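Trainee: One structure coming up, written as structure tokens, with questions to follow.
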Amino acid sequence: MSLPEHSPLGKPSAYKTEYDASLLFPIPRQPKRTEIGLPEGKPVPFFGVDIWNAYELSWLNLKGKPQVALATFIIPSDTPNIVESKSFKLYLNSFNQTRIASPEALQQLLHHDLSEATGGTVQVRLVTEADLGKQQMGELDGLLLDRLDIEVDRYEPAPELLFADQDETPVEETLVSHLLKSNCLVTGQPDWGSVQIRYVGAPINQEALLKYLISFRNHNEFHEQCVERIFMDVMRQCKPVKLAVYARYTRRGGLDINPFRTNFNTAWPDNKRNARQ
């Protein structure tokens with residue numbers, strides 16, 4: 001099993017400039033799911049995607065001229081593995097001096113390698129120079145929790161803070177906070193994010209939810225793992241009928257990671273970059 005501490009994170013790395021798919025370092029999802037009460041071999045109560053955006057992708061055409069593009073990778077949450085982010089960066093950098101016939105050929109190669117590493121089918125989208133001006137930005141929709149004037153003293157995940165008023169009429173609500181911060185599981189470096197919680201069910205106490213989200217501030221876990229922990233904690237403590245959790249993290253090493261988990265059929269998020277990304 002590939003363990004996070006064996007990944008390139010936190011270690012000096014040689015930057016290869018010739019294509020090398022072996023640089024990708026997969027990490028199994030299951031150990032962290034077991035940690036949040038989801039045993040191996042049983043269905044998980046959510047589905048979704050991890051949306052990765054790469055801003056530093058370059059290669060050479062067959063004449064040796066550099067090419068650049070943005071790339072989006074959509075990794076289903078039911079793949080057995082995630083990819084450690086520094087290894088992803090090193091892998092993408094390995095294309096820098098690699099001659100490739102066309103963007104379509106690169107897209108096919110990326111699809112193959114990421115699908116092999118994650119154990120599933122990864123969608124790859126490239127945005128070449130001609131279409132860069134068409135890229136849109138947008139903020140997460142919803143009622144902003146950060147408006148609340150609260151006192152905070154918990155900085156490790158505290159699901160017991162969460163509660164909903166089960167005696168009230170069910171509501172359909174979308175809540176947003178930009179105060180999510182967690183830390184890399186291996187290096188402890190800060191990860192900054194915005195999070196959107198959509199649900200149908202008994203009204204979730206908003207002050208409690210904001211305190212809970214802030215409680216991740218000193219927690220060490222990868223982005224995908226944090227979102228799944230949030231999903232499970234809200235489900236168990238507040239018991240909504242429908243729940244979707246979406247986080248957009250700021251980029252590091254030319255990559256941003258945006259996990260989405262839901263228990264009901266809905267369109268995947270539109271992947272608009274927010275101002276902090």
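Cβ atoms are placed via backbone N, Cα and C, with glycine included.
Copying in the features that Swiss-Prot gives for the protein in this structure:
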- V83, E84, S85, H223, E224: substrate binding site (BINDING)
- S85, K86, R252, G253: NADPH binding site (BINDING)
- C184: active site, thioimide intermediate (ACT_SITE)
- D191: active site, proton donor (ACT_SITE)
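What's the neighbourhood like for each of these?
Mentor: Reduced to three states, the DSSP call for E84 (substrate binding site) is coil. For E84 (substrate binding site), other Cβ atoms within 10 Å of its Cβ number 23.
Just so you know, the Cβ of K86 (NADPH binding site) picks up 22 other Cβ atoms within 10 Å once every protein chain is counted.
Secondary structure at C184 (active site, thioimide intermediate), as computed by DSSP, is coil.
Taking a C-beta cut-off of under 8 Å and a sequence gap of six or more, D191 (active site, proton donor) has these contacts in its own chain: K181, S182, N183, C184, H223, C226, Y249, T250, R252.
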Trainee: Could you check the recorded positions V83, C184 and say which one's CB has the most other CB atoms within 10 Å?
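Mentor: Selected residue: V83.
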Trainee: I'm trying to understand the geometry here, so how far is the Cα atom of S85 (substrate binding site) from the Cα atom of G253 (NADPH binding site), in Å to the nearest whole number?
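Mentor: Rounded to the nearest whole number, the Cα-Cα distance is 8 Å.
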Trainee: Determine which residues of the same chain, besides V83, E84, S85, H223, E224, have their CB within 8 A of the center of the CB atoms at the recorded substrate site, and list them by sequence.
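Mentor: Here the non-site neighbours turn out to be I27, D50, W52, I82, F88, F222, I257.
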